[in-house]
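The structure appears below as C-alpha cells.
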Amino acid sequence: MELLATPLPPIRYEPSLLMFPTLLCQIFSVCTRHPPPVIEPMSMQTATALLGQDAEFLCKVGDLGRHKVAFLKAGTPPRLISFDEKIFRNVQKYELRPRGGPQGDEWRLIVRNSKPEDRGNYTCQINTDPVIAKIGELQLKVPPSVSRNTPSAVEVREGHNVTLHCKAEGTPEPSVIWRRADRQIIRFNGATGYGATIHKGAQLHLVRVSRKHMAEYVCVASNGLPPDESWTVRLMVTFPPLVLAKQSMVSAKRGAVARLACDVESWPRPEVTWEKEGVPVFDSDHYATSQIVSQPYHTSHILEIRKVTVDHFGNYRCIARNENGQHHGEVYLQGGGGADDEDTVAGPDFERNTVRRENEQLHPPAPPPVSATGTF
C-alpha cells in the first residue's frame, strides 16, 4: 500500500497588539532599555597647581547605570589609579571622592602634593563597549630656580672674551636678566664700549674684558611666580701689576716723619715690597709699611720713615709682583723743608694732602732721573 504525503496547510500569524512595540523598536531603533552613559563636557578640565599644592580633576557622569568609572595616569602602559570606589595605586598620593554632588554623578580625583613627576594627562573612563573616556592635563607651575651647576666665580685674562651663564628652570619658563651688583653700566665691548645697566638673556657675552669689568654680576630669574631667584657670579680679570708713585719726590727735614706712597693695580693682588738703592727695606724702628685697599684690584702702599736722618735720603722703589708679571715705581727722598711744610713732609693726614701735592707737581724741583718699568 503506497502512502501519499499530504501537505500541511500554511501557518497563519494573526496580528497582535503585543508585536507593535517590537515593530517600533526595529523601525525607529528605540529598543535600548537605559540610555548609554555619558561624560559631561565640563569634565576633566585642565588642572593647574603650584609645586607642592593639591590638584583636582572632576569627572561628571550621566546615566552611569551598572557601569563603573576608572581614573588612569597616562604612560606606557597607562597606570590604573582607581576603579569604581577603590584606589589601586599610592593611596598617599591620590584621593578619590566618588558619587558626589546633588545627583551623585560627580567623581573627583585629588592629586596630593603635586610634584614635577605628576605632570601629564589623566583619563576618566567608563567600562562600556567601546569605552567612553575623557582626558585632562595636570599642569604644574614651578617658581624659578637657578641651577647650582652655574659657576659662582669666573676668571679671565685681560683683553680676552668671556661668557657668563645663568641656567634657570621653572614653569612657565623663566626669563633672565643680568646686572652689576654695584649698579654700574655693563660694557659689552671693551672698557669704554657700548653698554647698558640691564642685559636680558641667560648668557652675558663680554668682548675684550678689562680690569674695569671686574665686579659681581647678578642674574635674576623670574616667571611670574614668587619668589624670583638670583645668582651672583664674580668675574675676576687677571693682569700684571701697574705701579704709580703718588709723588716722584718727597722732601723731609732730619728728625721728621716722611711717608712715601705708591698706587698699585693688579689681579691677583700682588706682593709689594720696598727697596732703597737696591737694598730691601723691612719693618723696623725706622721703617713701617702699610696698605689701603680701595677696589678689588687697587691698593695703596705706604712706607713710613721715622726720625729721618741723612742716611735715609735717596731713591726708593715700590715693587709689585704677581703671577702675571712685575712692575715698580720710584720715589726720591731728599732733605729740606720745615716741620710745618705739609706739602713736603707727609704727616698723619697724608691722604688729604695729596691734592695739594698734585698741584705742586706743576712746578716741581728738578729730581734725579725717575723710572717706572716692569716685566710682563
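Counting starts with 1 at the first residue shown.
Every residue gets a Cβ built from N, Cα and C, even glycine.
Among the residue ranges 335-355, 356-376, the one that TrEMBL annotates as region 'Disordered' is 356-376.
Counting residues of the domain 'Ig-like' (36-127) by DSSP class, helix then strand then coil, yields 3 helix, 46 strand, 43 coil.
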